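Colleague: Straight out of TrEMBL:
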BINDING   98, 136, 259, 263  divalent metal cation binding site
């Protein structure tokens, strides 16, 4: 199977160090863990109650046969290629950041790719768990990872969680030290390992060496959450044409990474978090998908 390998990324903030390669634990004296046990650990890190009201999170596919977990596959999107990878790895559990089941399924047949994935999961006894906006809103989650692309003096949620103000959607941040838009773009690309980003400069701005003192982040689609947020720079995966125009006319620069490119780099970080949570259990391999990629690629224009 030939896939694009997800690069290991650095996440130095809050003492979370990333070690390349998958985590492996083995001890005859340590107990094994089941899917239910892993799900409990996942909920301990990011409770399902943190999700947005419109979201579909948690254990989405639960095969009848309860299995001990030896192989876990982390992916941003559960595509058919990733499903094939999971079967090759003999995974008992797939943690898919985006929920593969969102709109209700009225039947399970072989006619659509999502239905085929469900049938394969049930046939191969592979469970599927999706955290989605729980990971966005939790401390040390996706948005905190994305915010550390730039030097931080402070960071707080744009929309605070009512029960815990340290949780919430998006992040509004103050830059530590001096930073220009040009430097910010380079740091964002280095942090996310995205080779090319889309940049919309504020209305009338012709230089990249303008100062950035504040910025706001929202992994994925940030147009609605970032609307009206006062910052020098927005960092997100995607925004609509008119949302970008509104931002630039409010003297806000915009950096777009591509929807899943603004999220995928968190997976190697979470691999280490999950490894720490499962360190008291034996024989657990945690893999980051090598087949999970953004569906959109940028191609340079040929010059004749």
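A Cβ is built for glycine as well, from the same backbone N, Cα and C atoms used for every other residue.
What TrEMBL says about a protein is an automatic prediction, not a curated fact.
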Colleague: Among the binding-site residues 98, 259, whose Cβ has the fewest other Cβ atoms within 10 Å?
Modeller: 98
Colleague: Fewest neighbouring Cβ atoms within 10 Å: which of the binding-site residues 136, 263?
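Modeller: 263, out of the binding-site residues 136, 263, has the fewest neighbouring Cβ atoms within 10 Å.
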Colleague: Setting 98, 136, 259, 263 aside, what same-chain residues sit with their Cβ within 8 Å of the center of the Cβ atoms that define the divalent metal cation site, listed in sequence order?
Modeller: 76, 97, 132, 142, 219, 220, 237, 260, 262
